[in-house]
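Colleague: Below is one structure. I have some questions about it.
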Amino acid sequence: MSIHSPGYTVRRIPVNNVTDTTMFILTGFTDDADLQVLLFLLFFVIYLFTLIGNLGLVLLVIGDSRLHNPMYYFLSVLSFLDACYSTVVTPKMLVNFISNDKSISYPGCVTEMFLFVTFGTTECFLLAAMAYDRFVAIYNPLLYAVKMSPRVYIPLIIACYSGGIMHATIHTVATFSLSFCASNEIRHVFCDIPPLLAISCSNTNINQLLLFYCVGSIEIITILIVLVSYSFILFAILKMNSAEGRRKIFSTCGSHLTGVSIYHGTILFMYVRPSSNYALEHDMIVSTFYTIVIPMLNPIIYSLRNKDVKEAMKKIFERNFFMNKVHFKL
């Protein structure tokens, strides 16, 4: 059976159980062909800025010796995560905007969901690790080099990734152990957990509980680490006599708190609530925001208010300007 819409045809394949499901159809935001072209252009520009901003920040940290410390190593890992996070979802979504074929293969859907959950969860843990790093640097700066040596921050980063992989494995196995009946249409732009559960004909109570308690536990743990770390940072700031020192700390920590608040706020809205409150159309917009828009915003949030990053960027621009000027004269 087919669904005819302006500009393209979407195939709907009736399925009886999970073994018959060889593909899914991602219905996306709209059937309007003109609007899809506009959405393609919008998200293409966002994705381009995301890659330039995040990968540029990674190269900046690698290339500038002044940024060779744990704080900026964590920031470069966050930027790499954001680039990967967006890349898992955006290219396929862009293709769907301009293609008649909106399908994604069953293995492709499994892979997309696994990577999406892996990078998303890893980012939650990494934001908590970054808060702890700021706490150590500000509350006990004399011991910072010892307490955040490579033997500490490298295992921390590995632990963040390990936690992300474990969490993704749980949900991927649980979700794709279900049967998918009647329709293979996913009312979403990518293979997220709630819309997949919505088209399953199996009992999804265990999956709903897993989603609520796993995501809820991760959110509680990581947010508590952030809150405790910043409570100690606040005490340290109140003891400071230097106004310049306070401004520098507020500049560094304010950007991190902004990023944490936006990211965790959208995740809590998406996953930590009763399944009866899910509205797939609204959730599609919110999930698009935190998978595509937030990765674009993070380089801006973390660089515009950071003096060291701005100086490193200024140094590169000045060097490139000088090189171009010399080349022009020659």
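Using the three backbone atoms N, Cα and C, a Cβ is placed for every residue, glycine included.
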Colleague: Check for me whether Swiss-Prot puts D64 and D283 on a single side of the membrane.
Modeller: no
Colleague: Can you tell me which parts of the same chain pack against the transmembrane segment (146-166), counting only residues 6+ beyond its ends and a CB-CB cutoff under 8 A?
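Modeller: For the transmembrane segment (146-166), the far contacts come to 70, 73-74, 77, 117-123, 125-126, 129, 132-133, 136-137, 140, 218.
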Colleague: Would you identify which of the disulfide-bonded residues C109, C201 has the most other C-beta atoms lying within 10 angstroms of its C-beta?
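Modeller: Output for this query is C109.
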Colleague: Which whole-number mean pLDDT does the model give the topological domain 'Cytoplasmic' (230-249)?
Modeller: 78
Colleague: Based on DSSP, tally up the residues of the topological domain 'Extracellular' (167-208) by helix, strand and coil.
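Modeller: Across the topological domain 'Extracellular' (167-208), the residues distribute as 19 helix, 4 strand, 19 coil.
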